[in-house]
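Here is what TrEMBL says about this protein:
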type	residues	note
BINDING	165, 166, 167, 231	NADP(+) binding site
DOMAIN	6-120	domain 'Tetrahydrofolate dehydrogenase/cyclohydrolase catalytic'
DOMAIN	139-281	domain 'Tetrahydrofolate dehydrogenase/cyclohydrolase NAD(P)-binding'
Ligand code: GUN
């Protein structure tokens, strides 16, 4: 039997309409949530991601501004920009699009963002908060995966979650978010010896390796929930995920398509985090 499709586009629309109501409520009290995006260099994919983020902000009623720096910009120039955004009360969220050019130190840049404006959830304080079960901002992609599971009433507690990929953006936070919801979690990489042994024991399999179609049907337990975070461009121009969708959909109980699965959720959760940051800023001002 063919798996049910986890339709990221549909869930993203629903979540955005719920959070638009929260943005509208803030607007009624004179607050427009504001997001600043910093982009350094000429990475073509980053430019597209940033454009999509800005468009999504405008659709939901978030003010946004982009600060573009050339590839040769110095880290100090970017740090100065972040400093002024930290002090700007119209800006509730700050995001530095990754990757940064090689002469930047990622952690130095990210930890210069005020932790209460770190809507990506990448600041070391916020990473520590997540790991200790005191989440401030959930990183957007794994947050989107969790919302997809929740909205489809997929149980997590007691299940074996296997995450293939160990990036700071997806794999690691994904593992901790599943763990926090009571899953038993295994983290693998694309190079794990006998990877199938692990993936075949997954009730929930999340794949974020950047290796086109590396997960095949024989690597998946019948009835598993398969979440594909990958988005790869094939030589013929088509997009595909890290999971071989056509074969795995015959084995899994649920599966995310690429495109139209996790992708639409990522930007949605960024919007949610920005509105949340604005709500918190409003609440903290009210106290005084
Ligand atoms: N590059 C790839 N994904 C992301 C993301 O979620 N946030 C940022 N800031 N950069 C990225």
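Cβ from N, Cα, C; glycine included.
Predicted, not measured: the structure shown is a model, and the values here were computed from it.
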Cβ neighbour count within 10 Å of residue 167 (NADP(+) binding site): 17
Longest CA-CA distance among 165, 166, 167, 231, per record bound to NADP(+), angstrom: 16
Count of other CB atoms lying within 10 Å of the CB belonging to residue 166 (NADP(+) binding site): 17
